[in-house]
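A short write-up of the structure that comes next.
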Amino acid sequence: MFVDNHCHLLMEHSRLAEQLADRLMPGLYCLMSTSFFDLDTVHELMLKSDKVVPYYGVHPWYSHLYRVGTESKEEHYNKVLQPPPPLELLEILPEPIDFSEYLGKIREYAGVCKERKRMFGIGELGLDKLFRVPTNGFYGNPAIKENVRLTNCKVTMDHQLHVYTEQLRLANELHVPVSLHCVKAHGAFFDSLAKSPDYNDIPAIILHSYTGSIEQARSWVKEYRKKPTKLLFSFSNYINATEQKIPTLHDVLDILDSLQILLETDMPLDRFFLLDKNQEYSEHAEGITAAVCDHKDWNPEEAGSLLYNNSIEIYSV
């Protein structure tokens, strides 16, 4: 059975959960929420399908939408975006969401999962130094879908770090895994988590679609040999198994224990299963499976059992 350790939703649809739950292929799907617009749907899918392992969190691409203090809308966005947003962008950006209240909602959903003895985690969270706010305010804004470009505005690292570390604290409190995103921010990312003594109750750290250097991978592996938390690297066909990325994939696989390897698609499930494109989804799953098995010289059947166990043993249900 294939376990997709990191996947998403794409469409905004009032009946999405109801429709998608019945059309998922056999397997397990670790379904990431990224912000307010997909959090409820991820939770609804968990309620409707045992195949869904929900992850609740705020992706760094949406961290600017969350307010930490009591500032006005203008004060908030001028504080967390650099350069400050021009007036036309400020008018499009929504009223910021109180971050502590949002974490409270995630905590409520986590309570439902615990009551139902369901596997769940916190994610997708992390840091992204390259991200720039789009002209429609945030990716997926249903109000503005055409002529969307990137602005020069970036989310300050201070704000990203706050949103990131508060979610780590929540995962530590709940004793659940985290699925992590990092782009060009390895120093702050590594130091705030791997070098910190504060998160030893997180059972597993998953570096999703890992694209860091081999040196960075070695640093993670070395640091987590000293910790009770499991460290896992997850790989996708789309990001890790392209012709350009295969050499790095092989290098990273060579330094990992077999128990540290996970597979994923990083794909929006609704794009495939609601449009009768199951075969295209399977190609993503089979592509990364073949890439890893070929390099590790694994028997596919034995590898399937190993990778399945790697995926589910990080949850304390």
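Here the Cβ of each residue, glycine as well, is placed from N, Cα and C on the backbone.
When E124, E146 are compared with the divalent metal cation 1 site residues H6, H8, D266 in TrEMBL, the one appearing in that site is E124. Those same-chain residues not listed among H6, H8, E124, D266 yet with C-beta within 8 angstroms of the centroid of the divalent metal cation 1 site C-beta atoms are C7, M32, G123, S179, H181, H208, S209, E264, M267. Long-range Cβ contacts of H181 (divalent metal cation 2 binding site) within its own chain (separation 6+, distance under 8 Å): H59, P60, E124, L125, G126, L127, D128, H208. Within the same chain, residues at least six positions away from H6 (divalent metal cation 1 binding site) with a Cβ under 8 Å of its Cβ are C30, M32, G123, E124, S179, I206, H208, S209, S234, S236, E264, T265, D266. The Cβ of E124 (divalent metal cation 1 binding site) has 28 other Cβ atoms within 10 Å, all protein chains considered. Around the Cβ of H8 (divalent metal cation 1 binding site), 21 further Cβ atoms fall within 10 Å across all displayed protein chains.
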